[in-house]
Amino acid sequence: MASLVAYDDSDSEAETEPVGSFNPAGQMKDASDAVRPPGRDFASEVLDAKDGGALPTKHGSCEDAASCHLPLARLWRSDSGSCPNQRLQWPRTEPEVTFPTSQPARPSLWTSHAPAGHVPLAAARLKQVKLSWGTSGSPEPSFCARTGSETPGKNGSSLQRQWCEDCVVPYTPKRLRQLQALSTETGKSKDMEPQGPCAGRAPAPLCVAPQVSEFIQPYLDSQYKETKIPRKVLFHLRGHRGPVNNIQWCPVSSKSHMLLSTSMDKTFKVWNAVDSGSCLQTYSLHSEAVRAARWSPCGRHILSGGFDSALRLTDLETGTQLFSGQSDFRITTLKFHPRDHNVFVCGGFSSEMKAWDVRTSKVVRSYKATVQQTLDILFLREGSEFLSSTDASSRDSADRTIIAWDFRSSAKISNQIFHERYTCPSLTLHPREPVFLAQTNGNYLALFSAVWPYRMSRRRRYEGHKVEGYSVGCECSPDGDLLLTGSADGRVLVYSFRTASRARTLHGHTQACVGTTFHPVLPSILATCSWEGDVKIWH
């Protein structure tokens, strides 16, 4: 029999076994048991239809349902002879066939050559494909029709690529392929329009227990006692998928069992870090990494800023956003004003810092300096002055490394505070004395006076940890006796504030420990976070 089907031996192996078999009468029987006259095959019928004729709906004298259905090739590669070349051009549409209801439908080729419980690989990749004809009388769409109807969808191109790996795929005209690519790009652009839950979905309210923690209750009516250095890990909080930038306890004593953590995985979380160590709520309000987040002084709101230049103030009880702003630079630090809690100052990858009012959602003040980035902000003297640490440094002296600002007039008070050639990634204020400390990239903590002219102490320096470019935080204990800092090698170091000697070293993390904080009420609890994405509670 002279076949008109062309084979391309360059892309596939030669098929040695034909699809059908010849009977003694000289007629060929295909895989569906439909008998054809000699000299006629499937390809010749397709060419006849091209010349102006119609595809026949009956093959020979056979009138049953299976003979009216076009022959299909087996779709798995285990039998090399049962499948023609992959470049075979199948007809794009099938003739409409009406099946008689008096005779039962014959089984499909999907299951005729396989065991009862076997599902072909190509069929398993489809979305809920039925393996046999339904009993209602209307046939299931064929594989070619299913491909044509599902390919223009959202995942059509990926499904088509998967089918090409394991089965014969019908030929798709170039014009249809262009339309499919256009519809796929349009669907992707529509999916990218909403940027996270902040575009149209409010976060869920926080599940906060109405009663005060039983561990905190005995300490509420008494003064803070001497801080005890912790020794063991109480909770190991895992939930972030990226580095944790900083952590902060709730400033309200009755709610201080809650711990806030911000991460580079675009989220910030609220934990019950005293009673159970469980995550109370996860907030995904940013489309980029969340670099800074702070509790409001009332303990009911959280202000967050990230690398998407967005600012969000979220109410924990209702889950609504009380304030939403868009800055013109990426946010790295923000702090509430200690007196006016409706105003906060933020800084980041810009030469200026901005003060926002959450009531009007507008910028009320701007502080500009000849720098490239603001690393940290620290308020002094009840908010009349504040400090900013920047990335500016020179060879002999670090001009503009730490700048003192007047909050109301936006004027610079001093920019000649730190005279060494190291940047300061974090600042902290002593709770009882008029001094503040600066973490430096020289692997030491420097002590400064909190009143003008902000002189640095030459006698007291806290050394022994490593910074190495990380934004390693530092903090004093509530009674002011101890100084806590992280380290780039994962250690947590506790210093005596008076003598600058090392009181204890905790080996808690395998990567850089960038955040450390004492509990404001419990005298023997502290929290640490690391660049590997975990938070540890020590007691």
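Just so it is clear, glycine is given a Cβ too, placed from its N, Cα and C backbone atoms.
Going by TrEMBL, these are the annotated features:
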REGION    1-61  region 'Disordered'
COMPBIAS  30-51  compositional bias 'Basic and acidic residues'
REGION    134-157  region 'Disordered'
COMPBIAS  148-157  compositional bias 'Polar residues'
REPEAT    237-272  repeat 'WD'
REPEAT    283-324  repeat 'WD'
REPEAT    477-505  repeat 'WD'
REPEAT    506-539  repeat 'WD'
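Sequence-distant contacts of the repeat 'WD' (237-272) (same chain, six or more residues past either end, CB-CB distance under 8 Å): 196, 206, 208-209, 212-213, 215-216, 220, 278-284, 286-295, 297-299, 302, 304, 306, 316, 471, 473, 514-515, 517, 519-522, 527-537. In the repeat 'WD' (477-505), helix, strand and coil residues by DSSP number 0 helix, 15 strand, 14 coil. Helix, strand and coil content of the repeat 'WD' (283-324), in residues and according to DSSP, is 0 helix, 23 strand, 19 coil.
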